[in-house]
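Colleague: Shown below is the structure under consideration.
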Amino acid sequence: MIKRKLLRVYGIVQGVGFRPYVYRIATSLGLRGFVRNDTLGVEIEIEGDEEKIETFKRRLYSECPPAASIDRLVEEEIDTKGDASFVIYESSSGRERETLISPDLATCPDCLRELFDPGDRRFRYPFINCTNCGPRYTIIEDVPYDRPNTTMRKFEMCPECRAEYENPADRRFHAQPNACPVCGPEVWLVEGNGVKIQVGDPIKAAARFIQEGKIIALKGLGGFHVACDATNDNVVKRLRALKKRGDKPFALMAPDLETVERLCFLSDKERELLTSPKCPILLLEAREEAWKVISRDVAPRNRYIGFMLPYTPLHHLLLRETKRPLVMTSGNLRDESIIKDNDVALEKLSGIADYFLLHNRDIATRIDDSVARVIDGKEILIRRARGYVPAPISLPFTSDKEILALGPMMKSTLCFLRGQRAFLSQYLGDNDIYDNYLYLLEIMERLKKLFGFKPELVVHDLHPDYPTTRLAGEMELPALAVQHHEAHLASVLAEKGLVDDEVLGVAFDGTGYGRDGRIWGGEFFAGKTGNFERIAHIAYFPLPGGEKAIEEPWRIALALMKEVLGEEALETPWAAKLRTNHNLEAVLRLAETERLSPLTSSAGRLFDGVSSLLSIRHRITYEAQAAIELEMAADPEVKDSYEPLFTESEGHLILDVKALVAEVYDDILRGTPVPVIAARFHNWFVSAVLRVADFVRDDRGIEKVVLSGGAFQNRFLLERTINALKENRFKVYFNEKVPINDGGVSLGQAYTAAVLVREGRL
């Protein structure tokens, strides 16, 4: 029997070759009708034999293009029209917007083969792409995803490109960024003063300059990179000084996978991620021989290297010429947002770069490279951006309200929640820096426009002085404050689809405003989203001088030592070495006044203090440096632990810090090697988590444990905690789809609000 059906497809179905794919299936089955994009997704009217329509629907899922993702398909039977064929219609616009936008995709194997084929008309063309790869989110300005709604609209296709674009059998059929050397964007090279250099091949010239030890700023997919030769000590040192980067590791780009395998240990999962269309920077353990090739100044005192592979044709061309790993760091001034425009780059980066490799394909939405690592065989995101955004996170229920969560202050992201999806923005930096706050506002408005978001409720951090707290107050919407660490835990529950499950939540990080007005960060909660009870925490200890103690961890160490030794802390050999440059007595006086030395329960700050106590790091040049170097020092062969001791106060279990520091100091006096002490310190946290988990299981019957917070980026800590819990028959959950650090907090904020709305409590 002949039927006609209207199929509405929701998901990532625009900009990924979905309409051509629908066309090919329909025509292969002899079906008639049409397919088109609209602001909701893809609309299909299909007519023909009923059995063939059912086959069509099955194949729609089973043969889906690699970059596409079908969330749901809504079907309605309609009157037959007697179409003669199946066609692709022009997109239609509507007021409602529900279509998903594809993240940007790394260059596919087919385009890469053409890029280096001397017989291909796109040989060495740095903007080659097709429906399976290339720019998406970074070039789109409006939906539906059609060329006039992208930054490619100013490039009119030549006859050959137009023929490909209109040929259903071609993989560039309706590829919106389609271009070639005749009609598309172009690259050129300029000196630091902005004067154009006349060269035959700007990319080859840039590669030559890099080989000569120069620094190049190049316009990439979502913004500028600053690049130099990673094997050249002098230029790496120079770039580090010019970017005022301290010891913070640089990201590297390798010419190919073989180079990475030669320099780093790679698991199958790590290999899969490196070569995926997402193509993140991946933190990999370096082989010993890596440092014979790569400058040690790339990652001082670190066992890990952040490697990525070329993900645009321009990168492939550049790396093919240089034949070596390159530093490929974000093109920005210290702590500011990534730069996307040529004129801004020339203005801001002229004091850093010797030359600029520019192009004229405008970037609509700037975005950093994503950063990940593999722990316990799972992908752990450190920065969620290019390749991941704006793909949504699916939720376990449908929210009745549209929610906007403004995230934390550090490593900020936004989250829009609508229906059964949460849309996280890309990484937006620390929004106490005005440039990054403007970036947050820019992306908030862009996401509203692209997805048609109309928030009915705004969520912010509990901290009264965060810029986003003030922003929430200016929005004329109902507002909800969510505590930082509760949001961390809720982000995991959102990912895992847990709504009514009672869990033990462990949140370890550097800082978060607590319900008592103090700085939390070593927290244990029992309960569920929207109803967490703080049941245990690390004992409070002072941060002498507040923010100054974060920059100078020796202040924390001194305050901790005073807890153990009293005034004798000033007479220790450790203190004697510090005394030549610091007024220790003045700092101890500071520590006695909470107004000048706020109290904290922070796991991250405890890491900092012990790092200094072991004389690993007294002063930091980048965030978490002391803790990272303490992790690097820990001996993985050491299994024993300092004893976690608990006391009870006001219904809370308090994890004793004084006893811990006393044990650490005893080991120092005994001459115990630093790697052993560092490992025992890490294992103390693991033992403490297990002790609380056992207590909560006995007391409340809870067997699910949730781990979140920036301290769990520490591979040593997270893997050992997971293994210890699993060995004791606990079910363990941690962030995989959003960052385990503060980059995932906005999801937890939004999810908390959605749960409260669902339960009628908001």
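Glycine residues also receive a Cβ, built from the backbone N, Cα and C atoms like all the rest.
Per TrEMBL, the features are:
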- ARG19: active site (ACT_SITE)
- ASN37: active site (ACT_SITE)
- 4-90: domain 'Acylphosphatase-like' (DOMAIN)
- 200-387: domain 'YrdC-like' (DOMAIN)
Colleague: Which residues of the same chain, at least 6 positions away in sequence, have a Cβ lying under 8 Å from the Cβ of ARG19 (active site)?
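Modeller: Set apart from ARG19 (active site) by at least 6 residues yet with Cβ under 8 Å, we have VAL35, ARG36, ASN37, VAL42, ILE88, HIS174.
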Colleague: For the domain 'Acylphosphatase-like' (4-90), how many residues does DSSP put in helix, in strand and in coil?
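Modeller: The counts are 24 helix, 38 strand, 25 coil.
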Colleague: Tell me the Cβ neighbour count for ASN37 (active site), meaning other Cβ atoms within 10 Å of its Cβ, over all protein chains shown.
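Modeller: Within a 10 Å radius of the Cβ of ASN37 (active site) lie 25 other Cβ atoms.
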Colleague: Taking only the residues in the domain 'Acylphosphatase-like' (4-90), give me the average pLDDT of this model.
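Modeller: So the average pLDDT across the domain 'Acylphosphatase-like' (4-90) works out to 90.
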